[in-house]
C-alpha cells in the first residue's frame, strides 16, 4: 500500500508539472521513448541536460559581465540553451529564454539581465523538482513503470 | 517507380502501414535491398527499416534524444557532435549512409556549410534542424538544398517519415537512368523547343508517366542496369571529368565524348551524364549566386570570408561591367579579377579570365562538388594554376582546394541560379556572339565572353525571355549567393550565349568560346550562367519558371539518349540553388545516374554530391536542384516550379531525347537550357 501511495504521489507530482507549466508535451515524448532497453531514459536525458547546460549558464554569466554587452553572442548562447531546454520539455525555462532573446534583439541590457535571472530561477526550480521526482521513481522501483499512469 | 526498396515487403511494423504497402508494390527491384548498388539502406527488403542515418548536433541532449527516436523507428543511427567528424564519416564510407540530419547552429561549422559539402560530395539527402523557426533560416535551408527542415524540439513522428527523402532522391536517380532504357518508348509529346513551359510540363508528365510505367518493367527486367552502383566521383575522377569537359568545350561536352575522353573503365555514360548535369547546375549556381557574403559558407568550409568580401567586390565590378554593356569590353584581366574576387580566391586575381573558367573545372574535380556553386567558385578561384586556355589540363585540378570549392559553393549555391540567369541574359543578348563563342576554342572566350557578358544589358531585351533583371552585378559576384530568383531569364537565343556562359562556368575550356568568355570575364557570370543555363533551355525554362527548368530538360535528354549533346547546358536548369538538396542539394546520383540528382545535393547539385566534377558544376546543380526542388521546394523560393519540374523531368527527358535524336549537334539547344538555369536559381534569399 505504501507503494501504491508512492505511485499515486508520483503520478500527481508528474501531473502537476504539466498543469503548472513546468513541463510540456516534449517530456511526454521522452517518456514514450523509454522502454525496456532504456528503462531510465528520461532520467538520463534530464541529467545530461543539466550537466551540459551548466556550461551555457557559465558562458552566459561571463558574457553578461562584459561591458558593453555583446547582444549577438548572448542571443546565440541563449538560442542554444533554449533549444536544449525545449528538447526535454522545460516549458517555463523556454519561455524565459524567449523573453531574454527578445530583450537581446531590442538591445535592452537591463531587460536581458533581469530576464536572465528568471531563466536561472526557473531552471534551478525545475531541476530540483525533477531530481526529487526521479528519486521517488527510483525508490518505487521498476515495476512502477508498468503501472505508472500516463 | 522504383522506390529502391526492391521488392521488399515491408515488414516493418514500425513503419506506418501505408508506407509499407506502397513500398511493396512499387519497388520493382530497382534498388535492391540488399544494400546493393546504390548504397541503399541496410535492409532494403524492410525499407525503411535499417535506413542509415547520420545525426549531427553539438547539443548532447538533443543528440541522445534523436538517437533514441531514430532507433525506435528502426533506423540505424550514427551520431556525431561535430560537423567535421560527420564529414569524415561520410567520406570514409561514401555509401554508408542514406540520410543525414544536421543541426543548423554548430560551433565548428555552420550547418548550411555542412549541407553544401554533403550535397556536393555525396549527394545525400540532408535534413536540417533547429530551434529557430524563422522564415529566413528555413528559407536558407531550402536554398542550400536541404531536403527538409525540422523545428526543435523534434518529435518522433517527424522522424518516421524521413525515409521519403531517400526514396525521392533515388527515384530521381533512377529516372535519369530510365531515359536510356525507355528511350525508345519516349512519348513524342515534347517538342524541341523548350520555350513553352506548358509543353515542358506536359512533357514531363508524359515522361514521368511513361517512366513510371516503364519503371517496373525496366526494373525487373534490367534491374542490374537500372541500379547501377553508385559512382563515387573522387577528386581525380572529377578532375578528369572537368578536363574532358573543358577540352570539349562546355557547349559541346556531351556525356559520350566526355566518357571517351576520360577513358575510365567502368564508368558509364549515364554516370557522366548525371555528373555533367550536376556540374552544369553547379556552374550555373556559381554564376548566379551573388551574395556578397554568401561565399563565406564555402564549399568546404574554405575561407568564406574571402568570398564574401570579394564577391561584393565582384558584384560591383560586374555591375559596372554590365552597365557598360559593352561587348567584350571587359578586359580579361578585370574579369578574371572579378572572378577571382568573386570566388574569394585571392590568388586568382591575377589570372586571366580564362583561368577562372578552368578553375571551375578544378573545383569539381576536387571533391565531388555536387553543388555547382562550389564548382563555380572553385573554378574561379583556381585560376591560379590553370592555363588560361580553356582547355584545362585534363583532369588536372588546378589548385582547387576543397576549401575553395566549398566557399564558392556556398556562396554560389544560393544565388547560383540567379546568377546564371543573369549571365544568361547577358549572354542572350549576345547570341550574336554565338559565333564568336563557338569559334573560340580556348579560353579565348574571354574576349568573346566578355563581350557577351557585356552585352548583358542588351541581351535581355533580345530574348524577351523572362527578363531577368540584369543582376549582372549580382550574378557576377560570385561571392554572394545571388538570389536571382527573379531572373528567370529565359533566353532561347541566349542559349547560345548562355551556353557559353554556362559552359564557361562548367568549365568548358574551350567551349565555344562562349562559355569561356563568360568564364573569363564572367568568371563570375559563369556562375550566373550556370544558373541561367537553366533558363537557356527555353522549353524547360519556361516550365520552371525561374528555375530554368529547361536545363533539366537537357539533362534528361541526355539521359535518355546516349547522344546527348550539350550536357553542360542542360543541367543548369535543374539545380536551383535552392535545391535544397543539398541536395544539397546534395548526391550525385552516384555518377551513374544522370540525374545526378540523387547525388546531391544540394546543394541539394540543389549541394547538394559532386565528385570531381570540376566542370559542370552546373550540371550537378541542376540535377540536384531538380531533385531538391521537388522535395523541398515548397518554400517561398521564388520558384515554386520545382514541382512542375519534377513532373517535367520525365517529359523533359523524353523531349530531350527526342530532340537529340533530331538534332545532332546541339550546341544550341543546350545552351538554351543552360541559360535557363538562371531562372531556376532565382530563389530569393
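The backbone N, Cα and C atoms fix where each Cβ goes, and this holds for glycine too.
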Q) What range among B:124-174, B:175-225, B:226-276 does TrEMBL record as region 'Disordered'? A) B:175-225
Q. Which one of B:521-553, B:554-586, B:587-619 shows up in TrEMBL as region 'Disordered'?
A. B:587-619
Q.
Let me check the 10 A CB neighbour count of residue B:103 (4-aspartylphosphate). How many other CB atoms are there?
A. 25
Q. Per DSSP, what is the residue tally for the domain 'HTH myb-type' (B:227-284) in helix, strand and coil?
A. 38 helix, 0 strand, 20 coil
(Q) Mean pLDDT across the domain 'Response regulatory' (B:52-167), rounded to an integer, is what? (A) 90
Q. Per DSSP, what is the residue count of the domain 'Response regulatory' (B:52-167) in each of helix, strand and coil?
A. 53 helix, 24 strand, 39 coil
